[in-house]
Amino acid sequence: MHTHNNFKTPSDADELDDLDDDMVIGVIEEIAQEALVGEDVSDSDIDEHDLADVGAPEHNQNADENESISSDSSFDPNAEDSSDSDDSMLEEDEAEGASSGEATSAKRRKDDNDGPCGSAADSAAVDLDDLDDETDETVRAIIAAIKKPRSAPPEIKLEDFITDVCFHPDRDIIALATIIGDVHLYEYGNEGNKLLRTIEVHSKACRDVEFTEDGRYLLTASKDKCVMVTDLETEKLKKLYETAHDDAINKLHVLDENLFATGDDAGTVKLWDLRTKNPIFELKEVEDQITQMITNDQKKLLLATSADGYLTTFNIAARKLYVQSEPYEEELNCMGIYRGSSKLVVGTSKGKLYSYNWGYFGYHCDMYPGIKSPVSLMIPITDRIACVAGEDGNIRACHITPYRNLGVVGQHNMPIESLDINTSGELLASSSHNNDVRFWNVKYFEDFGDIKYNDKHNAYKEKRHNLPSSKCTNASDFFSDLTKEDEDNADNNDAAAGPSNSA
C-alpha cells in the first residue's frame, strides 16, 4: 500500500517481507469473504482505500520530502530503528482501522436492512467499479462454480481395477465389478455416493455384471468359468453355474427376468434359463473371444461380435445359427441398435463404425470413419445418438445415419474400460484404467434435433467440440461470452442515452 512509503526501512529485510505477506493475505481474505457473503464493498474497505490515497503524497510533494530527507545530515541509514516508532504507528493504525471497520460494518448492515437507497449503498456501488475487474470477475467465477448445484453424482474411486459397471433398472444403485472378483453396490446421487455393500462372488476377475430386468437378481460372469446369481434382498447366493464354460467367460447378456446368454474367450455362446440347471443351447461358430452380445425388443435373434472379425447371429427359437457376416480384418468390439430397430451399428478396433440393415447381417450397408482410434465401447443414448469410447480416454457422441460427430461427452486420463446408461437415459457412467467411475449428465441430448444429410458441418471442430457434460470448455465459449458482454453493454448504453432529439 502507499502508506508503506512513510515507514522507515527496517534493519532486517525479513521483517518487511513478513509484513507485506501478511497484508497481502489479509486483502485476499477480505475479497473472498466479501464475495462469499454476496455483499458489495464495505465502507471500511472504502475508508481504508481513501486513507491509503490520502496517506500517499502527490508526486511533487514526495519529491520535495525526499530532497529534504537526503539533505538532512543527521539521518543515518545504518542506525537501528527505535522499537516504538514503527510498531506503535502500526498498532495505532490497526486499532483505528479495526474500530472504524466495526462501526462502518454496523452502519452497512443497517443500510442493507433499510434498502439500497442510502448514501452508503450508493458510494459502495460507485467504488465497486473502481475495483480490479479481472480480480473481481475471477473471485465471482470461483464462488459461482462452488455454489453451482451438481448435475451428476461425484466420482467413485476404488483401490481395485474396475472391470464393468451396471445400473439397477429401478433404483439409484450402480454395481461395480472388480478384478479381484468382488462386486461393490453403491447408492448414487448428486449430493454424494454411499457404499451399500460389497459382495464377494468370484475367486478370479469378475468380467461382467448385470441385473435382471425386474432388478431382483444380480448376475456375474468371471474368469473362473462360473456364473453366479445373487439375490439382492437377502444378499445370498440363489444359483451357481459352476464351470458353466470350458474357457473363461467374457460377456453376459440378460434377455429378460429368466433368460440370459454368456460368451467365452474361445467363441462359445450359451443360452441359459434361471429355472433350469443346464443351458438351453450351446453354439460355437467363431474361434476367438466374444466381445459383446445384444438383442432387440422382439428377442428373436441373438447377435454376437467377436475378436476374430465376425458378426454372428443366432435364432433363439430355432436354437441354431441364423447368419454370419463376412470376416473383417479388424476386431468387432461393440454394437448398438438404432432407428427403431432398423439399424445395427458395430464398432471396430480400427475406429470404424459399420452399419447394417436389420436382418441383413451378412455385410454392412454403410461404413463411417469413426474417431480414428479403437472403439471398444458403445452405448445408445437416443434412437439416433450413440456414445462411443475406447483407448484415448474420451467419450464421444455421434449421430447415426447420417453420421456426424457431435462432440466430447466426457474424459478420463486413461483408457475407458466400461460404459452404461441408467433406465431414464439421463445419466451415463464410465470406468477407466485409473480405478475410477465418473458420471455424466446427458439429458441435453433430448433437445438435439435430427440431422439432415445436406446439413453443413465442420468435421474437425465437431470431433473436438466439448458438450455440456464435458469437464473441459471450448475456446470459442470464452469469446462468445465477451461478445455477449459487449452486446449487453451496448444495449445498456442505448437505453441510458434515450431517444435522440431531432433538430
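First residue shown is number 1, and so on along the chain.
Cβ from N, Cα, C; glycine included.
Quantities reported herein were computed from a predicted structural model and do not represent experimental measurements.
What Swiss-Prot records for 12-21 (among others) is compositional bias 'Acidic residues'.
Annotated compositional bias 'Acidic residues' per Swiss-Prot: 40-50 (among others), in sequence order.
Per Swiss-Prot, compositional bias 'Acidic residues' is recorded for 78-96 (among others).
Within its own chain, the repeat 'WD 1' (157-196) is flanked in space by residues 149-151, 202-211, 213-215, 218, 220, 222, 224, 230, 232, 417-423, 427, 429-431, 433, 435-437, 439, which lie at least six positions past its ends and keep a Cβ under 8 Å from the stretch. Look at Swiss-Prot and you will find 157-196 tagged as repeat 'WD 1'.
Annotation comment: Swiss-Prot describes 201-242 as repeat 'WD 2'. The list of residues near the repeat 'WD 2' (201-242) in space but at least 6 beyond its ends in sequence, with Cβ under 8 angstroms from a Cβ of it, reads 163-171, 175-183, 185, 248-254, 256-257, 260, 262, 264, 272, 274, 277.
Swiss-Prot lists 285-324 with the feature repeat 'WD 4'. Counting residues 6+ beyond its ends, the repeat 'WD 4' (285-324) has Cβ neighbours under 8 Å at 250-251, 253, 255-256, 259, 261, 263-269, 271, 330-337, 341, 344, 346, 356, 358, 361-362 in the same chain.
Feature annotation from Swiss-Prot assigns repeat 'WD 5' to 327-366. Outside the repeat 'WD 5' (327-366) by six or more residues, the chain places 291-292, 294, 296-298, 303, 305-311, 313, 372-380, 383-384, 386, 388, 390, 398, 400-401, 403 with a CB less than 8 A from a CB of the stretch.
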Residue distribution over DSSP helix, strand and coil in the repeat 'WD 4' (285-324): 0 helix, 21 strand, 19 coil
